[in-house]
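Colleague: Structure incoming, see below.
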Amino acid sequence: MTCDVSPLFGTDGIRGRANFEPMTVETSVLLGKAVAGVLLERHSGKHRVVVGKDTRLSGYMFENALIAGLTSMGIETLMLGPIPTPGVAFITRAYRADAGIMISASHNPYRDNGIKIFSSDGFKIGQAVEERIEAMIASKSFGGLPEDHAVGKNKRVKDAMGRYIEYAKATFPKGRTLKGLRIVLDCAHGAAYRVAPSVFEELDAEVICYGCEPSGCNINEGCGALWPSIIQKAVIEHEADVGIALDGDGDRLIMVDEKGHIVDGDMLLSICASDLKRRQALPENRVVATVMTNFGVLRYLESLGIQVTISPVGDRHVLQHMLETKAILGGEQSGHMIFLDYNTTGDGIVSALQVLRIMIESESTLSDLTACIVKSPQSLINVPVAKKVPLDSLSNVQVVLQEVKEILGDSGRILLRYSGTENICRVMVEGTKKHQVDSLAKTIVDVVEAEIGGAEISE
């Protein structure tokens, strides 16, 4: 196999099908060396890097490959085992490590895998560092190799999950419990399969678990945040108070109310923003949302006197805008929620705890908390594509977009964009009438499929 390294990094780290470039063992060893090289450029001496993963079968080989590359350069590595992505960010800070690495393809199917890299402060590395890593791999110039006793060693951190569990519980008010709440929890057979049940059970909730039996090949398969229909049915069947669905690496959250209705990231953001403003704990009454955020949600937030900064899609962009505007809360429709008071990245478990706290303190059901939020009709369809051709170069697509815009007028909008992590084109149409937006979205989808449709191939 050859090492095609240009470019390695996408919108959320490195991602692709396991054993296909860039997600090969060979490239992962080089990546480990390059991360070490960047650290050693900053200062010589000892460095520590923590390495976590989700439950994919291919995680074992990438874990070993990355650790081999790092230790060959004299870096000490701390192996965390299966743990949510926000757990890696937290433990990187807690252990005063120089970097953290998470091996995961998030919500993608098990055949894919990916690598996310965190700096010592727990934030994902920036573009400049990514480019330096890519340059090192391209040139295979990492600096001198250590000799004899100077090579690095690897240690397994036995209490990594326990540390993260205690951290997550500490974001819930002391003296309060979840006693009396029946929760349906879907962990997508992913990284949170042991952590999440423990957090909620130790806070005295009754937890009914789904998606907590990973096989290495079933992560995100018909379950988790991408398939909330599982917990919709389960909440009704078990007469539960709430449903919680996480994705494969535990950084996304979708909830279901006691009536079986989905509460997506837009609505969860609204609930938490409203609570923070009520408690006068929302700096400048500002939150960050994305271009996908429902217009009805934006109107609701604005009616509360909350200013909304709009960012491109992706938790990286949300975080960047949060830092620029000094916001402490941001999120997106897909379920990424960032509470900067607690963590440096999206955290599904911590986000769920904040919503549960609001329910308990206000003595409200989840449906009570969403009752005053009226969403605009919106249709979102994912179209698998053979390859990502620039959309403005597709004349038939541009023609149908213009036709749909004229039909919607000022009462609606269209958003057409490629996924940053999969070979998918996302078609979103929003308006005032549900049947109309569904029909118009289907019209656009038909043209996109005719132009560039194909079997789904993850990046």
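Cβ atoms are placed via backbone N, Cα and C, with glycine included.
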Colleague: Considering the Mg(2+) binding residues Asp247, Asp249, Asp251 given in Swiss-Prot, which of Ser106, Ser379, Ser393 is annotated for that site as well?
Modeller: Ser106
Colleague: Using the Cβ center of Ser106, Asp247, Asp249, Asp251 as the Mg(2+) site position, which other residues in that chain lie within 8 Å, going by their Cβ?
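Modeller: Close Cβ neighbours, site residues excluded: Asp54, Pro84, Thr85, Ser104, His107, Gly190, Ala191, Ala225, Leu246, Gly248, Gly250, Arg252, Gly346, Gly348.
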Colleague: Express the distance between the Cα positions of Ser106 (active site, phosphoserine intermediate) and Asp249 (Mg(2+) binding site) as a whole number of Å.
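Modeller: On Cα coordinates alone, these residues lie 5 Å apart.
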Colleague: Given a separation of at least six residues and a C-beta threshold under 8 Å, show me what packs close to Asp251 (Mg(2+) binding site) in the same chain.
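Modeller: Residues satisfying the criterion: Pro84, Thr85, Pro86, Ser106, Asp315, His336, Thr345, Gly346, Asp347, Gly348.
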Colleague: Which residues in the same chain, at least 6 apart in sequence, have a Cβ under 8 Å from the Cβ of Asp247 (Mg(2+) binding site)?
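Modeller: Non-local contacts for Asp247 (Mg(2+) binding site): Ser106, His107, Ala188, Gly190, Asn220, Gly224, Ala225, Leu226, Gly335, Gly348.
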Colleague: Taking Ser106, Asp249 as the recorded positions to compare, which has the smallest set of other Cβ atoms within 10 Å?
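Modeller: Each of the recorded positions Ser106, Asp249 was scored; lowest Cβ tally within 10 Å is Ser106.
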